[in-house]
Structures are given as C-alpha cells and as structure tokens.
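Features of the protein shown, as given by Swiss-Prot:
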ACT_SITE  Glu440  active site
BINDING   Gly217, Pro218, Pro219, Gly220, Thr221, Gly222, Lys223, Thr224  ATP binding site
BINDING   His439, His443, Asp515  Zn(2+) binding site
COMPBIAS  681-704  compositional bias 'Gly residues'
REGION    624-704  region 'Disordered'
TOPO_DOM  1-17  topological domain 'Cytoplasmic'
TOPO_DOM  39-127  topological domain 'Extracellular'
TOPO_DOM  149-704  topological domain 'Cytoplasmic'
TRANSMEM  18-38  transmembrane segment
TRANSMEM  128-148  transmembrane segment
Amino acid sequence: MADSAKTPRGKKRRPFTGLALWIIVALLLGMAMFSLFGRDGYQQIDTQQGLELLAGDTVEQAKIIDGNQQRVDLVLTEDFKDGDEDKGTQVRFSYVDARGDAVVQAVEDAAPAKGYTDEIASSSWWSTLLLSFLPLLIFIGLFWFLIMNAQGGGKAMQFGKSKAKLFNKEAPKVTFADVAGADEAVEELDEIKQFLVDPGRYQAVGAKIPKGVLLYGPPGTGKTLLAKAVAGEANVPFYSISGSDFVEMFVGVGASRVRDLFNTAKENAPAIIFIDEIDAVGRHRGAGMGGGHDEREQTLNQMLVEMDGFEENQNVILIAATNRVDILDPALLRPGRFDRQIGVEAPDLKGRLHILGVHAKGKPLAHDVDLEAVAKRAIGMSGADLANVLNEAALLTARSGNQIIDNRALDEAIDRVSMGPQRYSKVMTERERQMTAYHEGGHALVAAAMNNSAPVTKVTILPRGRAGGYTMVVPTQDRNYQSRNELLDRLAYAMGGYAVEESIFHDVTTGPSSDLQNATKIARTMVMQLGMSGTVGQVALSGEQDEVFVGMQQGQAPRFSAETASLVDQEVRTLLDNALDEAWSVIVENRHVLDRLVEELLEKETLNERELAQIFRDVKKQPPREVWISSTERPSLAAPSVGGTTTATGTESHDAGEPLQPNPPELPHPGGEGPQIPGAPHGGEPGGGGYGYDGSAGTDGTGR
C-alpha cells in the first residue's frame, strides 16, 4: 500500500486511466489521418457518367479493378465537370457483376491512348489489422473503464489489495485531550503509544509489546474517537479500515486484503492498524446464515493467523472496536491476539461534566448555565448523547433568534434527545387531556410514595416523540446496581397509570400497553436472571447472550423444562399483581394529592421537580416491605455493622433508578407502540399505546 502520487488537489492520480486515454487519442488520430491521406486522389462518379466518358474521346488511361470492390479508374485528358463541381482528371466509378462484361467491352472500345490494365483489389495490412482489431480494442477499453469505476478508479485488478487508509498527518488532529469521560481507556492507550515510541524501556524489563487492543462498549461511548486520538498522538503510520471492507462478493478477496494490510504495516513498523466494527468479520465461526465455510470465516481465519504470526518485537499493534463483543470468535479474544480488552462504558458524573465542557467550547453559554446540573440530569447518557444535547441546544437557540444558549434551551435539548421532539401540531380533546393527566399523575404519585424510588423530576402532558405525555424519574447520583426492593418499586409505579384508569375511570384503554410490556420485562428478568424469586430459586434460566445472534441460537433447545417455564410465568404474574396492588393502594390513600397534581397539570401542562416536591409534601408513604429471604429455612442476620451506615431493608435508597450492571434489563425507548387494534387511535394518546421507560438513559420515564 505504497502512497500513490497525488494531484495538487490531493486526489490520487490514475496512471492506467492516463495510458488508456493516450491510446484512444492515438487511435482516433490514426483513423483521421487514414481518412484524410489514405485516398489516392480519384473522385467518385456515377456508373452512367463513367460509361459516357468511355464512349467519348477524353479517356487517356483506364484501370479495371476486381476483387472485394469492382470499379474502373480513369485518367482523363481534361477536367470532368459534374454540374458546377469540378471532379478533375482522375475519376472512378463502380459497377456490379451484371455489368461486368459491358464495362470491359466499353474499356476495350474506348482504346485509351496509354492503354488499360486489370488489377485485383487488396487492402493494406495495417488497415486490415485496424479494422479487425478495432472492435476488440473498443470492447476491452469499455470493460477496463467499467472495472476502474467499480473499484474506485486506478485499481482495476487490485481486488485483493487492502482498502485501509493511512492517517494524514496534515489533517486536523484529535488528541487525548479531546477525549473525556474515559480516563482508564486513555491511560491504557497512552501506554500503547509509549510502547511504540520507546520499546526499549519495556523490553529492558522483559515486557512484550501487546499484539492487540479491543475497545468494546455501547454505541456512542467514544471507541472510534479514542482510535482517532491514538492516530493523532502516535508519530507512527496509522492504518484505519472498517471490518466490512474486508468482505466482498469475490471469494478470497477478504483474506488477501488481510495479508496485504498486515504486510504493509510490517514493512512500515512501528505501526498501528485500526479495524472499526470488527464484529462484521470477526463473529463466531460456525454460526450465522452463511454456514461454516463462507468468505467471512476465511477472512477471519487469515486474520487469526496474521495476529498470531507477529514476531516478538514486530512493533505492530492492532486496535479494534465493537459494540457486540459477545458474538466475537473466542479464538480472536484469547491472549496473544487481543492481549488487552478495554471496556468503554457510559461516563459517570465527572466524565459527563468533562464531556460537556469539551463540547461546550465555542458555544456562547449564559452566565447562569450550570453544566454540572446538566450532567446530573443526564445520567446514563453516552458521550454522543451529550454532544447531541449541546448541539440541539445551539440549534434551538439559533432557531429562536437568540445569541446565547440558556437553561431553557438546554432543558428542551435534554428532552429532545431523551424523548424526541415535541409535537406542537397534535390536538387532544379535553377528555384525552384529562385521561393523560390522571395517567401520568398516577405514575408520579406512586413513584413519590415508594420508599426506594428515585425522585420524580418532571411530569408533562405535552406530546413528545411517540408519547402523549411522560413522567421522568431520575436518580440523583450514579448507581452500579439495584436492589430487589428498588426493582419492585419500579414495577409499582409502572403500574400506576393502569391502576388510575381502572380505579377512577372504571375502564382501561390501550394506552398502558407499553407499561405492561416494560413491567413484564423487568419482572421476567428478576425471575430468570437475578434469582429474586423464592419459588423459581437462585438460577439463571436465560442464555449467556442478552441479544440474539441469528444462527447461533438456531437449533438450540430451551435450557429449562416446560414445567419451569410455566412456573416462571406464574411468578412473573404474581410480581405484577403485587405491583398493581401496591399502586392501587397508593392511589386510594392519596386521592386528594392525585387530584391536586392533575389540576396543576391541566393548568400548566408541565411540572418541574420543585413544583412536584411542593405537591407531594402530603403524600402518605407506603410501609416498608417485609424482609425478603429466598427460603424461610435460612435465618436472617443483623444489618451490617462494618463499613458504613445502612438503613433497614425496605428503605435502602432514595436514589434508585440506575440500570443494573453489568447486565441490566434492557428497557424499550419511552413511548413504545401499543397493540394494533382496528379502529383504535395510536401514538400515545388515550386509546393508543405509548407508556414507556427510558432505561437506556438511566432514567425511568413513563410516557402516555
């Protein structure tokens, strides 16, 4: 992959294209020259005119030509004029076989002064060659042109060459200073850079350079940005390529490109290779719809050989990124190939604040904007989400004609990123507004009455995204896990909207469908993955992978019996019934608070945390739940006496709501669609689906 010559504009020259153009120009010039100078000076006349000349006395010499063209060339004693056109003294006419005898007789009768002769016509060798091979040359040129365009130009027959791009040192650099919220990953990658810059320091103590570094984590957390920072920091060749660039429709191309890429890196060592989205080529062998011997697996096999074939001090490091580490082939992940596997997770409060500070550069913020407060509201957001928040705030500010980004723009930007844009055009009837207000009020009231729920920070009945209204329950700090009581509280306030509809309106709409789906998913996770059911027991009944990998699960039998599946269903139903009972109890005991909340919602449409706290002052809290032990045969011990203060079971935390780590129950985006019922409206309004949880954002949001 040697660097190609470049034009002043920076585009690669195409040597084969230039050669082809010169060949075409030469052919055209040759044809033009032949057309202009290939004639012998004779002018064409009609057959009748030729016979009339032979019958006269002006013919000085004649030549009868036979072969692939039958004609007579005449040399005259005076110019022949065809009307106003002077044909000169050299003319010719053609004839057909039927006139052959008559033409010969006419020539003999004319008895030219210099006589006549016969000749067999033959083409010149070069014109014959040109006419024979010109169509073939045109076809080859057209084919070459099409292939060059299909392969990006200039690489018609280089299918097996790597498509990796060499980092341009003249381009604007991304450095480690531009990466925020991933301090551990930056530290690890900075050490990789030091390996390449000063390998002797590490080799002196017997350390071996890592052969591979795998960056994994959810989308938007900055894996590719980290690779760009390595490219900007390292003063060594940096080759970047996507995993999908290895596999083409031609068999063997992927393996050939892998060989070419690694050979080029070795020739220019020390060097770094970066493969983005490596799961496109490195997924588990023997799985998927392509079978066990497809082109992708051949490419993976070649990559395994190249990684394991590095010499000890080759000074070539492979960095790869993926958000599906669970489907990568085990041989790719073993030590000796990817020696370091660095998780890039969603940032904590400090990381979010740093990220906001990086992306706030160049944006005019109002003096009262507190980025730390924004970071606290953005629990669970990735770096890409936070960058999008500030960009949306800037767009909203420009749209409104202002010059300064204020707190209102940031607040709206967070809601747009979390829930989607507000739907100003959606018209709701008074009955629908009332039902939406009571439904969202039910969610908020139950959340406020629970002992382990995060604070309710916002309730609105304004349609946004796919929801007709929503309730935000946001923790005040980052959490690494959740207790059983915290999850039970989430189930309870998830059922709050359903409980309000059934208890107050004496009817249930299709609106709570998403609530039921989310609550069922949480309950099933508690029973099947977390061992939070005394009936089912402390077993993990789900597979090792949370996400389906098509082909890997095909043909696999369930890991539990039908009786166990029935028991799981019963336990899930029990958890949801208990949650509905708790929500119902809260609504009955706090009906006056609910009515006051609905009245404020109908008047203001949106209530913030301070206004909600004022309304919820009189809420009657639920009593703490009984201590839960998986088996009554096991004794309960005293609360912890070492390592800090701990409240009694049932009041563990008022800052719940953070997704479980490392495998949280995946919750749908707020405002999921409800069941498609003929004649029923959709889109989150009464009669349509639309309550949800924003588990991915680290907040619980119920949306109608």
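Residue positions begin at 1 at the first shown residue.
Cβ coordinates are placed from backbone N, Cα and C, and glycine is handled just like the others.
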Nonlocal residues around Thr224 (ATP binding site), in sequence order (Cβ under 8 Å, 6 or more apart): Asp276, Ala321
Nearest recorded site to Pro219 (ATP binding site) by CA-CA distance, among recorded positions His439, Glu440, His443, Asp515: Asp515
The one of Lys223, His443 whose CB sees the fewest other CB atoms within 10 Å, among these binding-site residues: Lys223
Among His439, Glu440, His443, Asp515, which are recorded as recorded positions, the nearest neighbour of Gly222 (ATP binding site) by Cα: Asp515
Counts of helix, strand and coil residues, the topological domain 'Extracellular' (39-127), according to DSSP: 26 helix, 37 strand, 26 coil
ATP site shell beyond Gly217, Pro218, Pro219, Gly220, Thr221, Gly222, Lys223, Thr224, criterion: Cβ within 8 Å of Cβ centroid: Ala321, Asn323, Val344, Ser382, Gly383, Ala384
Between His443 (Zn(2+) binding site) and Pro218 (ATP binding site), the C-alpha gap once rounded to whole angstrom: 29
Count of other CB atoms lying within 10 Å of the CB belonging to Gly217 (ATP binding site): 20
Among Pro218, Pro219, the one of these binding-site residues whose Cβ has the fewest neighbouring Cβ atoms within 10 Å: Pro219
Recorded positions (Thr221, Gly222, His439, Glu440, Asp515), the one with most neighbouring Cβ atoms at 10 Å: His439
Local confidence of the topological domain 'Extracellular' (39-127) - pLDDT mean: 83
Rounded inter-Cα distance in Å - Gly217 (ATP binding site), Glu440 (active site): 34
